[in-house]
Amino acid sequence: MVKFTIDQIRGLMEYQNNIRNMSVIAHVDHGKSTLTDSLVAAAGIIAFEQAGDQRLTDTRADEQERGITIKSTGISLYYQMTDEQLKGFTGERQGNDFLINLIDSPGHVDFSSEVTAALRITDGALVVVDCIEGVCVQTETVLRQALGERIRPVLTINKIDRCFLELMLDPEEAYLAYRRVIENANVIMATYADEHLGDTQTHPEAGTVSFSAGLHGWAFTLTVFANMYAAKFGTDTKRMMEKLWGDNFFDATTRKWTKKHTGADTCKRGFCQFIYEPIKTVIEAAMNDNKDKLFDLLKKLNVYSKLKPEDRELMGKPLMKRVMQTWLPAHEALLEMMIWHLPSPAKAQKYRVDVLYEGPLDDTYATAVRNCDADGPLMMYVSKMIPAADKGRFYAFGRVFSGRIATGRKVRIMGPNYVPGQKKDLYVKTVQRTVLCMGRRQEAVEDVPCGNTVALVGLDQFITKNATLTDEKCEDAHTIKAMKFSVSPVVRVAVEPKVASDLPKLVEGLKRLAKSDPMVQCTIEETGEHIIAGAGELHLEICLKDLQDDFMGGAEIRVSEPVVSFRETVIGTSDHVVMSKSPNKHNRLYMQARPMEDGLAEAIDEGKIGPRDDPKVRSKILSEEFGWDKELAKKILAFGPDTTGPNMVTDITKGVQYLNEIKDSVVAAFQWASKEGVLAEENMRGIVFEVCDVVLHADAIHRGGGQIIPTARRSMYAAQLTAQPRLLEPVYLVEIQCPEQAMGGVYSVLNQKRGMVFEELQRPGTPIFNLKAYLPVIESFGFTSTLRAATAGQAFPQCVFDHWEAMGSDPTQVGSQANTLVMDIRKRKGLKPEPAALSEYEDKL
């Protein structure tokens with residue numbers, strides 16, 4: 001039943017207007033993979049009978065077992081539209097054949113870095129929302145990410161079969177439930193809207209909302225019904241669609257449409273009367289095996305003739321599933337919606353180039369990307385590495401933005417740390433093969449033009465997680481911007497092999513793990529431990545399983561207890577200016593520390609303010625939003641740690657000699673100090689260090705880096721200690737769904753774990769409550785299992801990293817909670833148990 005060949009797909013790749021790159025995004029368990037199945041079935045990769053049960057895009061064994069998607073998987077679909085379907089289509093197109101590159105992404109929050117990787121290489125998104133659960137926390141996160149990447153969303157309200165079979169909703173109740181979901185989604189879209197995208201809100205009457213039942217493989221948009229009724233009412237499809245949603249009522253006796261309900265029994269809302277009721281009648285007739293009534297209805301709908309003779313013999317649910325699939329096939333409604341309302345690469349790259357390209361927006365590369373020019377220079381972004389079947393090699397998966405990539409072509413690989421004009425993070429290598437991803441298998445093609453997704457073989461030695469590829473001659477090309485992840489790796493474990501001789505395997509395995517997951521961080525501590533950092537418990541569990549089974553060939557490893565990263569900050573200004581002398585006693589540095597204004601550290605994290613900004617723009621933001629003095633805002637020497645972190649060092653000195661010569665040394669000391677704070681050698685966050693005065697030796701030889709760097713670091717530590725230092729701990733935002741009777745259990749578990757509930761909502765029309773709470777990450781281990789035990793498995797938690805919270809107790813006071821934590825961290829790192837006293841860092845005149 002395969003309906004297309006690889007050559008057909010390859011031919012379509014040249015027609016940019018006929019390509020749609022889209023990802024499927026949603027909250028966990030709202031039915032993305034199941035819905036993707038019916039789309040894949042349309043392209044003839046699996047049989048319709050199995051659609052909904054296969055979850056073809058869940059390619060790993062653990063994904064099939066757990067029933068969750070872990071990695072995002074790409075698949076290319078070929079779809080032929082009829083002239084009838086394209087009647088009013090105004091966009092540009094070449095012929096009726098369309099190529100849809102679809103990426104199914106995970107919904108679970110621990111894997112949201114996979115979603116980011118998927119969004120970067122697509123132009124449109126199908127947002128799936130469960131009609132009963134509504135818009136959840138993860139729906140909001142992925143929508144925000146999509147709009148940030150300038151990706152146009154369309155909405156589908158999924159699992160509507162539950163309205164008919166489980167909940168037995170009245171038509172009016174169902175309409176209100178759907179309307180509420182659409183309103184909630186539109187609020188999010190309006191909040192994070194980007195003016196370059198135009199209006200991103202979705203409306204059923206515009207055809208940008210569909211209603212689907214993924215498991216049963218049927219779906220519809222208002223267009224389907226409007227076409228059916230337009231002839232009967234003697235109007236055109238567009239006017240009919242407006243009548244089928246919103247406050248439009250039809251009275252069957254007077255045969256008139258009104259805007260208000262007349263009060264007569266025969267007067268009903270358009271949506272309820274012409275869409276919900278007919279579906280309900282068909283489903284009920286099929287479920288009750290009332291075949292005479294059912295087949296009469298189907299003959300009126302011109303569906304009866306499409307049913308195969310053996311299908312007419314089915315009973316109950318299988319009959320209902322088959323009838324609905326024949327009448328309202330899911331792929332037609334959804335693919336039609338994507339083709340009509342999602343942009344082609346030629347259209348999307350015009351407005352996406354600003355958020356994609358690092359360099360000047362008028363050079364040859366930006367222009368080629370903007371015009372999606374197949375004859376221009378090659379620009380390709382690799383957003384993730386996919387392990388091949390034998391686990392040893394990786395495919396580099398990404399999207400070609402301009403030019404074309406071919407087998408045997410030499411390319412320049414520019415990693416995330418590449419700076420134009422330097423040799424760092426730069427390789428020139430040959431592509432061995434270009435392949436297309438088809439879910440579980442790969443198909444080789446000769447070359448791929450821009451606007452398409454592709455996987456490359458033979459570059460895995462040179463790309464860690466992501467990279468930009470160009471032609472080998474393009475030496476002035478800039479990279480495509482790095483991805484911003486919405487979660488940060490805050491949970492860490494140390495790993496070691498059980499048998500010491502397996503150490504080389506572990507090191508090699510960690511290298512491969514770092515490639516295969518866009519977010520995980522693998523580092524070696526000074527103590528020689530191997531550390532893996534991930535987004536949460538589940539993320540780490542999957543990473544460790546991959547490491548042991550796939551990347552180390554089953555060699556056994558020991559894993560430490562999970563450890564949480566902390567940050568160090570200050571909550572007051574230094575009570576006096578501290579002074580440190582250099583080892584040769586010829587130079588003195590005076591410094592003080594103060595906390596950043598609220599929201600400034602977050603702004604730096606999000607990249608709104610950074611070291612590469614235009615100083616004028618930066619000082620404007622700092623003075624207007626955070627109340628900085630305009631002069632002071634121009635005197636920021638550096639951000640740190642890693643030159644981009646949420647701390648800064650500023651220069652408030654007046655007329656000091658030789659200051660410029662020691663600037664580099666002070667900045668180097670600041671990077672060192674902000675990476676390892678004074679309390680427990682954790683990163684600092686939200687501290688501004690001010691250089692108040694400097695007294696230097698007149699002779700250059702006596703004020704070299706060896707004298708200044710340790711001195712500056714000591715004075716920063718002293719400044720931190722005098723400004724009321726505090727520990728910051730990471731806090732999760734937890735969303736819990738549970739029925740009313742389980743609420744008591746939820747509250748008691750949260751109280752034991754220092755959690756704090758700040759919102760509780762009952763879902764209208766259901767007995768289910770939605771709780772939102774803050775929970776410290778350090779308390780979250782085993783939280784899920786404790787919660788399920790306390791509520792007999794009725795509560796479902798979702799944790800996502802939210803913010804850093806200062807701990808109330810003073811870490812310098814012996815016996816306080818923070819002090820105990822500091823001692824534990826220092827013991828683990830092999831430092832002296834007591835943090836050093838102020839007198840070690842501060843000198844007297």
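Note: Cβ is positioned from N, Cα and C throughout, glycine not excepted.
Pulled from Swiss-Prot, these are the features on record:
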{"type": "BINDING", "residues": "ALA26, HIS27, VAL28, ASP29, HIS30, GLY31, LYS32, SER33, ASN158, LYS159, ILE160, ASP161", "note": "GTP binding site"}
{"type": "DOMAIN", "residues": "17-346", "note": "domain 'tr-type G'"}
{"type": "MOD_RES", "residues": "THR57", "note": "phosphothreonine"}
{"type": "MOD_RES", "residues": "THR59", "note": "phosphothreonine"}
{"type": "MOD_RES", "residues": "HIS702", "note": "diphthamide"}
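Of the listed binding-site residues ALA26, VAL28, the Cβ environment within 10 Å is emptiest of other Cβ atoms at VAL28. Between the recorded positions HIS30, ASN158, ILE160, HIS702, the minimum number of other C-beta atoms within 10 Å of a residue's C-beta occurs at HIS702.
Rounded to the nearest whole angstrom, the C-alpha distance between ASN158 (GTP binding site) and the residue listed as 'diphthamide' is 72. Using a 10 Å radius centred on the Cβ of LYS32 (GTP binding site) and all shown protein chains, the other Cβ atoms total 28.
Each residue contributes its Cα atom, and for LYS32 (GTP binding site) and HIS702 (diphthamide) those atoms are 66 Å apart. Secondary structure from DSSP puts the residue listed as 'diphthamide' in a helix. When the alpha carbons of the residue listed as 'diphthamide' and ALA26 (GTP binding site) are compared, the span between them is 62 angstrom. If you take every residue in the domain 'tr-type G' (17-346) and average the pLDDT, you get 78.
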